[in-house]
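Presented below is the structure to which this report refers.
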Amino acid sequence: MTSLFRRSSSGSGGGGATGARGAGTGAGDGSTAPQELNNSRPARQVRRLEFNQAMDDFKTMFPNMDYDIIECVLRANSGAVDATIDQLLQMNLEAGGGSAYEDSSDSEDSIPPEILERTLEPDSSEEEPPPVYSPPAYHMHVFDRPYLMAPPTPPPRIDVPGSGQPASQRRYRNWNPPLLGSLPDDFLRILPQQMDSIQGHPGGSKPMSGEGGPPPAPGPMACDQDSRWKQYLEDERIALFLQNEEFMKELQRNRDFLLALERDRLKYESQKSKSNNAAVGNDGGFPSSVPGTSETNPTVSEDALFRDKLKHMGKSTRRKLFELARAFSEKTKMRKSKKKHLPKLQSLGAAASTANLLDDVEGHAYEEDFRGRRQEVPKVEEALREGQ
């Protein structure tokens, strides 16, 4: 209050326009006052404070005034500080509360009456109207609430679909499918033609995928495709075993396998003679060429005949061939493990050329001989100790 009255007194003594509403009319003449007022009015801005801070300041300035009255005056002036102070001063003077502020002033001089008249008089027609009040960005009643509310969430964005666009395309409009190309018609589908074959062979195995295998058969030939895959895999396994010459010699020494192979060959010849009568004459002349070849090179002819018989093996013969191949692989592994554990002297005693051709019986003989020598060594040592 002291600073407010000092500002009013300084405005009246110097003739400035920063005091109350009519402070410029006391210093100059009647012609220059409106001009000074017009020059200084645009520079004056309406001061607004935060609601709680303004209420605390006004309550400190006017302790004898009710809190609700101060709030009503502040809301009536839309938060303008200067207008609220003017009205509160006027109300305080009318209520007879001016003596409370005289004690707090720096000097005991009373307020000049002209200052009070200029401060409390209503706006004259000569002055400019006050600027248009612009409401604050925040709501005035927001400070009355005990807790501040969160700002409202914006509504979700809804894309307006086109009239002819279906719901599925509207949902996945931003999905970019990978460039895989067009899939075949029977991809992940069971055609009606395949139902009979699947029901007829419920235990059939699924075809395996391989890079070097035969081309896949069409959909209706699912069972034929399974059989072709099985045949292809069996042929590959047989070809790997038949590349080993030692395994080929073991097959030629196996009597049961040779009998089964001959039985399959005769069955194949009988089926071939029934299907094609002209092939019987050609087959009849075939054995005549065999003796000629056997005389020139009997080893090559026997190998060629044996390999030709292997082409016409039946299922039982193939099964026996796999059993022999499994036994041969196990025997080879055992033989390699024995070579690693044998002493160096015994490994040097065997010839390098016959190291891979040792039979299982010969391996047992060497092992028994080695064990016998090891058992004789402690007996000799005990005899020498007893003699000493």
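Glycine residues also receive a Cβ, built from the backbone N, Cα and C atoms like all the rest.
According to Swiss-Prot, the protein carries these features:
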type     : residues : note
COMPBIAS : 1-10     : compositional bias 'Low complexity'
COMPBIAS : 11-29    : compositional bias 'Gly residues'
COMPBIAS : 290-300  : compositional bias 'Polar residues'
DOMAIN   : 50-93    : domain 'CUE'
Structural state census, the domain 'CUE' (50-93) (DSSP three-state): 34 helix, 1 strand, 9 coil
Within the predicted model, mean pLDDT of the domain 'CUE' (50-93): 87
